[in-house]
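The domain 'UCH catalytic' annotation in TrEMBL covers 1-202. Look at TrEMBL and you will find GLN63 tagged as site 'Transition state stabilizer'. According to TrEMBL, the active site, nucleophile annotation covers CYS69. Residues annotated as active site, proton donor in TrEMBL: HIS142. Taken from TrEMBL, the feature site 'Important for enzyme activity' applies to ASP157.
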Amino acid sequence: EKWNMVDVYGLESEALAWVPKPVLSVILLFPCSDTYYSYSAQQCNEIKEKGQVVTPEIFFLKQVVSNACGTIALIHSVANNADKVELKDGKFKELLDSSKDLNAEERGELLQKVAGQIMNVHQELAHEGQTELKPDEAVNHHFIAFVHKNGCLYELDGRKEFPINHGATSPETLLEDAARICKAFIERESDDINFTVLALTAAEA
């Protein structure tokens, strides 16, 4: 009851000011175009060549279940804020507890083993939110999450090999810093308006 999923209606400072604080994560839904795939491949290749710092404390899992990117984004959002979000006993808590000591691939495989329960996990996480993340979203769109961990902004995409470190952020500036990355996604797709931004925030009294 303490946390809620809300729509982010704009990425400028005036619109961001309306989003309840604190913000634990930002979730972006975007179109998977040729432009996106080309940029993503280039970005990952550059990271492999130059390297990046990724804290071992980040919770990251690989997506091995089809059409589960909305659920994966929610899991990334909540799992990386386990110290703030008090989970009730249920399938999702069981999954997190079981996967704490696993690597990203093993976590994905664990989810695959319980694929029949994954939509129930999604509903368990999203049921009380103002905005519903549909687990069966069309496959030409994709959900990713942005979280703060140890002073850095991480992009978590279960279809990529690793988290992406976007540089410094803080719990107080997570929303603004994630919005900057979301804007870059939108600018690369200037002819497409099919974007949605959500935030996991404190529930308003």
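The backbone N, Cα and C atoms fix where each Cβ goes, glycine too.
Around ASP157 (site 'Important for enzyme activity'), taking its Cβ as the centre, 23 other Cβ atoms fall within 10 Å, counting all chains. A sphere of 10 angstroms centred on the C-beta of CYS69 (active site, nucleophile) encloses 25 other C-beta atoms.
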